[in-house]
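If you check Swiss-Prot, you get these features:
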- 1-20: region 'Disordered' (REGION)
- ASP232: active site, charge relay system (ACT_SITE)
- SER254: active site, charge relay system (ACT_SITE)
- GLN304: active site, charge relay system (ACT_SITE)
Amino acid sequence: MSSPQAPEDGQGCGDRGDPPGDLRSVLVTTVLNLEPLDEDLFRGRHYWVPAKRLFGGQIVGQALVAAAKSVSEDVHVHSLHCYFVRAGDPKLPVLYQVERTRTGSSFSVRSVKAVQHGKPIFICQASFQQAQPSPMQHQFSMPTVPPPEELLDCETLIDQYLRDPNLQKRYPLALNRIAAQEVPIEIKPVNPSPLSQLQRMEPKQMFWVRARGYIGEGDMKMHCCVAAYISDYAFLGTALLPHQWQHKVHFMVSLDHSMWFHAPFRADHWMLYECESPWAGGSRGLVHGRLWRQDGVLAVTCAQEGVIRVKPQVSESKL
């Protein structure tokens, strides 16, 4: 599945869309809205198509929507583990088949298969748990970063990039294409680098993110599904950051995706997405991520491995 990124780099200022104001989030009403066909069988539509492929985050989010419809109201997802096994066809709807693997008193497991052309393109297992108190609790400390109110959004950053007289000629077309796309999430990078000065960077990035529009407090299951969508955004691109000054992306897709849900949160409120890549090699990259609430609570942990094939970066002086 495709993993969106900024033009020829891995930073999380990829795409934007016009905010719907006070309207209910388009992620809930359209992007993650499934059509029930039969018991435990659903059809998804309304696909965002970056790089002519289905966006992996949308498939993960829709699969979790399907799984959540088969469990009781008093249980919530605590983990999911997914594999992308075939490229999705953006011209066709996706069928989601849910298997009720186990329903227990505390934990329940659901297996979800996403199907096109009669073959699975994606498989997922999600585990749900009833809320339970525990005296054993700890978490890492949230990174200290500027609040989202002090940072520029991607729309403003793209305008600044396009006005930069030192911007390399290969970027304006890609930036204008990005600016024309509509994406149902808002992004504010913590430390965006100028595109005119590609340089070696640490395989780490942070950005504030939230769903556009209003989701509300009532449905925690939907907030988890929206977070699943958000979690794949520019995630794998973190592995590119140390290499973007000498290589450009030839091919990049997600192989798998895992998430662990720790605490309640609202996906329509700002959360800090902390991403890092501890390893890359063998035409693969590994990335880890943490979604933090603004009050410092660790809400979600993510991990992903993907295929990354690159070509040498050709300087404009050699063109």
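Cβ coordinates are placed from backbone N, Cα and C, and glycine is handled just like the others.
Mapped onto three states, the DSSP output places SER254 (active site, charge relay system) in strand. Listed in sequence order, ASP232, PHE235, LEU236, SER254, LEU255, ASP256, HIS257, SER258, LEU286, VAL287, GLY289 are the same-chain residues six or more apart from GLN304 (active site, charge relay system) with CB atoms under 8 A from its CB. For ASP232 (active site, charge relay system), the number of other Cβ atoms no farther than 10 Å from its own Cβ, over all displayed protein chains, is 27. Taken residue by residue with DSSP, GLN304 (active site, charge relay system) is part of a strand. There are 26 other CB atoms within 10 A of the CB of SER254 (active site, charge relay system), with all protein chains counted.
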